[in-house]
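Below is one structure, written out as structure tokens; comments come after it.
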Amino acid sequence: MASQTEVTEPPSWGRVLIAGGTDWPNLGRKGLKPTDERPDLSAPHILRAVSNIRMKRVFSSHSSCHAFFLSVSGDVWVIGRNEKGQCGLPSSTVSIDAPTRLDRSKHFAPSLPAGAQGDIVWAATGRNHSLIVTRAGTLYSAGGNAMGQCGHAIGDVNGFKRVTGGQYEKEKDPLVRASAGLTFSILLTESGKVYALGSTEKGQLGNGRTGEHFISGNKLAFQTFTDPLPVRGVLADKKIVDVQCGQQHSLALDADGYVYVWGFGGYGRLGLGMQADQLSPTLVPQFARDNAVLRAKAIYAGPSCSAILDRQHMYYLAGKWKTSGEGGAGQGYMTYKYFHELMGVHCLNVALGGVTLLVTAYEPDAGMRADCDATMNVVWGQNAANGELGLGPEKPRSATKPIRCEPLDKVSILDIAAGQNTTYYIARNQGETYSELPRFPEVVPSSDHCLKCSREESAQGSEDVLLECEKCENPWHLKCLSPPLSSVPEGEWHCPSCIAEAGNAGDLGAEGATDDKKAVKRDAGEEEDDSLQRGTPSKRARGGKAGRGGKRGK
């Protein structure tokens, strides 16, 4: 009886890729150039420090120079600018250069509860503040709080501190997600209610007023709210399923596909056909069609623009998204317009950065999709000076029309986030293109000798080659592993130390291994036991072909 071929579903987790600026303290500041230690990455790189961690989401925003990576175990790693403590770490450390895991006890007050209720499910980043939502539906905030956007008394918040006082707590209506603007935050509960806090300057809280008033010296100020304020109006009887913040405007999407906008209307970013500010939620008529297919599926906010995917997966954009020409400062899109280059493209996800626009889409070419279900990855944006389009070292840093990000062809992107000057991806660790991506940092200190026997040449003979770890680049002889390997494994390979590190962090998951006995291919003809090993061949044996690391070939 013929055996059936087992079909393996691609993993629902991936590794972090990064492109663009990494000089976190100086990004976006004039007259400062990247250094060798903090370079601009003109193509996507595997972020080495978390290359052994299974990630499922990445969070950043158009005005942020920091980001959060969410692992399968519900922990977050943070990287980037920390001048106001927005990373949840002491602000005396102005830059978090390597991804750092936030400890559930040390970095949260009060500590996150033990078990699944303490898992982190969502994060949001503004310019100087950050929000985290747990599975229990509680909100923690950190960073700059000059306008009460963190939900605490005015003043910077050092370390993630729980936000209390919202009506949703009294109603036992847990939070499920949040979004962060420059000086305000928007919250969403499980039942679909919306809350806002921070500055009312442009009406971005949706409470119907700005609270404009004079203070000493005829200086103008605006009302602020440190307690979450219910956003009512037309949203009062709607079930909202998503909220998004621009710098000074807000969007909401309800369960029926209707879109509501409010806040600053400059450059037409609200898509209402005018530039007037909206002090309370206003329905976008363009997506209020009788035909439900023509309504919205997803919403996104940029610094001065907004994007919508309709239920046919078509992409629409409103506002200012470049510096000149149509869509620029003088000719912002007053209503939502589609791009001819994206006609017929089945868009899956969108990110709007400081000057960048990114789309992941269904890959129509079966040969390009391959076994990893690769996506078509599209980018554009004007004056992306830090290489955040990720088009490659010899490619332009600006694109005024959507184009393929060729370095990511045949790579499956699970999630994207666009920061002010940096782009982040969660990519499946499968496929030849992925296996040949460069890593950042390119070079790390590593040994020239096997960490087990301390020899360069094995006592077992020339066939017992040195195998180099994907993360730390430390080498091990095949026969020095426990159990020993008979050949170089396909896909990723991590040394016992890096596997133990990931296991201690709880991010190998149910399929993973907590020791090296489960983390290596047992025999050349056997299946691998741990998904850290999956992927396409990566030449990591020293003395063979060059691999992805900085130090190769002995």
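Cβ atoms are placed via backbone N, Cα and C, with glycine included.
Summed and averaged per residue, pLDDT over the repeat 'RCC1' (74-136) gives 97. The repeat 'RCC1' annotation in TrEMBL covers 74-136 (among others).
Taken from TrEMBL, the feature repeat 'RCC1' applies to 192-256 (among others).
Taken from TrEMBL, the feature repeat 'RCC1' covers 257-312 (among others).
Residues or ranges marked as repeat 'RCC1' by TrEMBL: 375-429 (among others). For the repeat 'RCC1' (375-429), the DSSP-based tally of helix, strand and coil residues reads 3 helix, 25 strand, 27 coil.
Residues or ranges marked as domain 'PHD-type' by TrEMBL: 447-501.
Under the heading region 'Disordered', TrEMBL lists 505-554.
If you look up TrEMBL, you'll see 514-524 marked as compositional bias 'Basic and acidic residues'.
The compositional bias 'Basic residues' annotation in TrEMBL covers 537-554.
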Checklist entry - Could you give the number of helix, strand and coil residues in the domain 'PHD-type' (447-501) as assigned by DSSP? => result 9 helix, 6 strand, 40 coil
